[in-house]
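Q: Below, the features straight out of Swiss-Prot:
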BINDING   Ser117, Asp223, Asn246  substrate binding site
BINDING   Ser266, Asp267, Met305, Gly306, Gly307, Met308, Glu309, Ala310, Lys311  ATP binding site
MOD_RES   Lys311  N6-succinyllysine
MOD_RES   Lys347  N6-succinyllysine
MOD_RES   Lys550  N6-succinyllysine
REGION    1-361  region 'Glutamate 5-kinase'
REGION    362-795  region 'Gamma-glutamyl phosphate reductase'
Amino acid sequence: MLSQVYRYGFQPFNQHLLPWVQCTTISRSHCIQPSVIRHVRSWSNIPFITVPLSRTHGKSFAHRSELKHAKRIVVKLGSAVVTRGDECGLALGRLASIVEQVSVLQNQGREMMLVTSGAVAFGKQRLRHEILLSQSVRQALHSGQNQLKEMAIPVLEARACAAAGQSGLMALYEAMFTQYSICAAQILVTNLDFHDEQKRRNLNGTLHELLRMNIVPIVNTNDAVVPPAEPNSDLQGVNVISVKDNDSLAARLAVEMKTDLLIVLSDVEGLFDSPPGSDDAKLIDIFYPGDQQSVTFGTKSRVGMGGMEAKVKAALWALQGGTSVVIANGTHPKVSGHVITDIVEGKKVGTFFSEVKPAGPTVEQQGEMARSGGRMLATLEPEQRAEIIHHLADLLTDQRDEILLANKKDLEEAEGRLAPPLLKRLSLSTSKLNSLAIGLRQIAASSQDSVGRVLRRTRIAKNLELEQVTVPIGVLLVIFESRPDCLPQVAALAIASGNGLLLKGGKEAAHSNRILHLLTQEALSIHGVKEAVQLVNTREEVEDLCRLDKMIDLIIPRGSSQLVRDIQKAAKGIPVMGHSEGICHMYVDSEASVDKVTRLVRDSKCEYPAACNALETLLIHRDLLRTPLFDQIIDMLRVEQVKIHAGPKFASYLTFSPSEVKSLRTEYGDLELCIEVVDNVQDAIDHIHKYGSSHTDVIVTENENTAEFFLQHVDSACVFWNASTRFSDGYRFGLGAEVGISTSRIHARGPVGLEGLLTTKWLLRGKDHVVSDFSEHGSLKYLHENLPIPQRNTN
């Protein structure tokens, strides 16, 4: 039915559209809904939420994060957004998605208005169809329906196309909005309607009444009779913007209606510092009016009237009038596919116009500084990088009181908001700082032979030698939750490996992170590489950071399994090092020592239950049930107040069992433990492979053959024999500290220290060598001789 409305416009409304509207309003089951709308509603995943809404009353929002509070919103749809690529007809799928997003926001209690193009394109299609119908049969057969574009069609006057297309365009909008129980109303205006005071009052009153009745006004310039543009002033000489196109119309409408937000959708990502498509063009995230001189404009779009310069002029005028503005791409949304709702949710989409000059560098600028700073860091001598890390270790102990005071502020603000395990992670202490300093000095000692180490030397041919050497990965983004002690650890590893570093901590640790970052930069300053480590503003969304694929080479999440999964999902194009879960197992064999078991279980589960290497599932050999050893384990867990969850097999052995576990694949992160029964070591291995996360798994036994079988067959990053799961840690492994624990199977696995932050490059030194010299009749032959690797002096 939409295709009929789209084809014939408003005239055949009674014949084609009315029966469908009637059947949808009374919900007759035998009526078929339009395929376009049915498809849109089936894939829709826009969250229907209610947020606190407030009018800005003439003052624009200062930050993107505030846009979610916008109540009155104007969405301007450019010609390139609503029309097809052939400039003849509308992009129905794109338009349906836009209507859906506007409807969702309207149903949240917002007041939505549309300024739309498309009447000319709609009318052009209808008039071309009329020309085809006016042909003779012979002409029609000769040209063919699919060759309509190649016909000798006279140039169609834009005003005539607009007149022919307005009714059909509005009928299409009505049909789409009806699916969301929303009414739409059309308003056609010209520049004179804004210059005549009486007409302005009438327009203003009409729009307010429509909004009051929960109707979406659809506004367009009356292109059928549009007069030439007026000067940019009203009758009293006050500076206004003349309605020359829909960009200026949207800005004028937004200011007249005291709108909170104006969204201008075009066919480009936003405002660039140079014409899009040029090699050095960079998208401007936040545009401050004072930066206008730094922008170079290109040509306008294929079908638009104004181009980017007109959009920026209109946006700045609206901003001056108290309306926040975002210019974004409405043709190929880059985030979730829902550009309008993404903008309202405060996501980094397009260019946000703000009267508040950004405080400090943008995250893109921080990425560039980390890149250049990291390259400078990599060129330092190993002794200089070690000196920086030693100085940072000294600062952690010398500035202990200031660090603990900042951490106390974080703890006070987090009290009652964070769960006890997270509060424990957030807390710093003198002993933690001392351990940090010791770990940093270990990193400094190991950094002497890291960057530039020769791994392989090969003589390819005479006077042609190849070397493989270690080099930094580039720029690392480390995202961590509630762990301020993670900051100096990761910073030291990045310094030792010559990597640039972006740090994104949780807002719950803002005070602690700030002082620790200042101390890190103070240490870096002794060799002039202060910018190598950057602390990203807490306003930056993690999802936005994960899209900076041109600035970030590796993402390392440190936090909950949900955080890791979210980052792995969002980071398209950037490798992620980490583990999504830490489901660690301990298998107690039938030949386990009674004296060892309780010590190992207590340490693995109770020493630090919030850690990712804490024990989560205890596997017991069935022969140990109802034995003193089993009773001893249970008694110890009761004393430690550990809540026990029974696995299915374990529950079947008990008359009165603890609560049966909901899932055998659970990371508790607290004093909770799953106990399950297995038949033998192979059964334990099968259980671990089915329900584990390939993190850390342990066997407790006195049988060496059984232990070796377990060690060789369990496919996890860390596999231990008669040792606590808590040893799975970079510091305890002698790595100095760890940047994280990886369960992936490439590059790095297990606790990742300094070595995991390095990659390699190949250096080939020759003397006028060319490949043709090695052909069948060439003068040279390949030798491929392995050469000794020189030992570096690390004293």
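Backbone N, Cα and C atoms are what each Cβ position is placed from, and that goes for glycine too.
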Q: When the Cα-Cα distance from Lys347 (N6-succinyllysine) is computed for each of the recorded positions Ser117, Asn246, Glu309, Lys311, Lys550, which gives the smallest value?
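A: Minimum Cα distance from Lys347 (N6-succinyllysine) across Ser117, Asn246, Glu309, Lys311, Lys550 lands on Lys550.
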Q: Sort out for me which one of Lys311, Lys347, Lys550 has the most neighbouring CB atoms within 10 A, since those are the recorded positions we care about.
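A: Answer by Cβ density within 10 Å: Lys311.
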Q: Rounded to an integer, what is the Cα-Cα distance in Å between Lys311 (ATP binding site) and Ser117 (substrate binding site)?
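A: Rounded to the nearest whole number, the Cα-Cα distance is 14 Å.
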Q: Note down the number of other Cβ atoms within 10 Å of the Cβ of Glu309 (ATP binding site), including every protein chain shown.
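A: Counting Cβ neighbours of Glu309 (ATP binding site) within 10 Å gives 15.
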Q: What's the CA-CA gap between Glu309 (ATP binding site) and Lys550 (N6-succinyllysine) in angstrom, rounded?
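A: So the Cα of Lys550 (N6-succinyllysine) lies 27 Å away from that of Glu309 (ATP binding site).
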Q: Going by Cα-Cα distance, which of the binding-site residues (Ser117, Asn246, Ser266) sits nearest to Lys550 (N6-succinyllysine)?
A: Ser266
Q: Between Ser266 (ATP binding site) and Ser117 (substrate binding site), find the distance joining the two CA atoms and give it rounded to the nearest Å.
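A: Counting only the Cα atoms, the answer is 11 Å.
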Q: Through the lens of DSSP with three states only, how would you label Ser266 (ATP binding site)?
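A: DSSP call for Ser266 (ATP binding site): strand.
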Q: Which whole number is the mean pLDDT over the region 'Gamma-glutamyl phosphate reductase' (362-795)?
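A: The answer is 91, the mean pLDDT of the model over that range.
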